[in-house]
Amino acid sequence: MSAEPINLDSWRDLTAAQQPEWPDRDELKRVVGKLAAAPPLVFAGECDQLKSELAAVVRGEAFVLQGGDCAETFSGADADAVRNKIKTLLQMAIVLTYAGSVPVVKIGRMAGQFAKPRSSSTETRDGVALPAYRGDMVNGFEFTPEARRPDPERLLRAYHSAAVTLNLARAFTKGGYADLRQVHTWNRDFVAESPAGRRYEQLAREIDQALAFMHACGANPSEFHSVEFYSSHEALILDYDRALTRIDSRTGLPYDVSAHMVWIGERTRQLDGAHVDFFSKIRNPIGVKLGPTTSADDALALVRKLNPDNEPGRLTFITRMGASKIRDVLPDLVEKVTAGGAQVAWICDPMHGNTFEAPSGHKTRRLDDVLDEVAGFFEVHRALGTHPGGIHIEFTGDDVTECVGGGQPIGEGDLSLRYETACDPRLNRSQSLDLAFRVSELYRST
Ligand code: PEP
Ligand code: CO
């Protein structure tokens, strides 16, 4: 039990970047009261379990696969879309586990990723300025004054959509669908059309043989029947995550029970800001995004504030430098943080430093840049003798055309065919598998 009561509201006296201007504060108060009385979406013990798996990543014994939409939408909380995302994540995890020979910690950017930081608080189209879209948790995507008005009721809808998504994710990962004997089933609708699908099929055949061999030897371990899957999101809208913070009855300590893991984005990681203060109070495993301008002193100060006891698994640094910068800026950061004795997991977000606008006006990313940033991440960590601990990606299980390149190539002219993201461009299923195969090669080539 902690000796002194922890003040979970001290962030309210600090500057909180990227918060919506709610037009109706009374309505906000009413909604937050409802959320504060709502059942938890995850349990503190599950958060601790993830923390211990992330501690294995810190020790160099496991690899994180974290991914999902840039921005989830309420309409996306549907069985087909969630199944396709889980299926793709499972396929990627299998590739990494089998071809990379490493245990994979599976974390969805799912069941809560409903809020987005924006570079400008307004969006202007044809001379009309409206509040920027900040994610379904805050306002609507449609460019009308009604849709763009921040509506607190959306915080409740976010909670319910997260509950539905998490329920589906738990069912898909625990109810037999994720059984290793299903490795072919996940690929069935995919195999013929794509090189990555065919390569996966070959690997699935090898896994079948290995399973048959183990079965013949009398082994049928329960670990093969289901997988552990965790949820995560950027805890951006502090009223939401604060309202879903509960005191764990076992330990007397606070946990944000809206997700297993939460992270602080690149735009809200100010040391004296509200987000860092709030995160310092909760006991979940947490992440912080670090962009190319992060100094080693910044990172070390974050370590002291967010993980003063240096608990392995508590803090993950998610670096997002850009393919052209990672080899220059990452070494100093990793070297100094490591020399400072900090126990952190390092994972690579190869998406957010590699976004550009195509001539058609679509925000996009090149798969080649994504792969190059991941290669740079491995090179830097290998050279320093530190552990390249995982990847954090934006992907979807559907065959969208949002990023260019890949084994089933998408050109800049194809982007408009199926460009569906509510925010940043995501890898489609084939591109995600291409990435998983590349990462498994990098992992093995030490
Ligand atoms: C994101 O993860 O969608 C995001 C906005 O990233 P970052 O905070 O790294 O810019
Ligand atoms: Co994004």
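Every residue, even glycine, has its Cβ placed from backbone N, Cα and C.
Per TrEMBL, these features apply:
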BINDING   CYS70, HIS352, GLU394, ASP424  Mn(2+) binding site
BINDING   ARG109, GLU266, ARG267, LYS289, ARG320  phosphoenolpyruvate binding site
REGION    1-20  region 'Disordered'
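Other Cβ atoms within 10 Å of the Cβ of ARG109 (phosphoenolpyruvate binding site), summed over all protein chains shown, number 27. Within 10 Å of the C-beta of LYS289 (phosphoenolpyruvate binding site) there are 21 other C-beta atoms, taking all protein chains into account. Sequence-distant neighbours of ASP424 (Mn(2+) binding site): residues of the same chain at least 6 apart with a C-beta under 8 Å from its C-beta are CYS70, ALA71, MET351, HIS352, THR355, LYS363, ARG365, GLU394.
Annotated Mn(2+) site CYS70, HIS352, GLU394, ASP424; additional same-chain residues within 8 Å of its Cβ mean position, judged by their own Cβ, are MET351, THR355, CYS423, PRO425, ARG426.
Sequence-distant neighbours of ARG320 (phosphoenolpyruvate binding site) (same chain, 6+ apart, CB under 8 A from its CB) are GLU266, LYS289, LEU290, GLY291, CYS348, ASP349, PRO350, MET351, HIS352, GLY353, HIS392.
Residue counts for the region 'Disordered' (1-20) under DSSP, split into helix (H, G, I), strand (E, B) and coil, are 4 helix, 0 strand, 16 coil. The candidate set comprises the binding-site residues GLU266, GLU394. Of these, GLU394 has the most other Cβ atoms within 10 Å.
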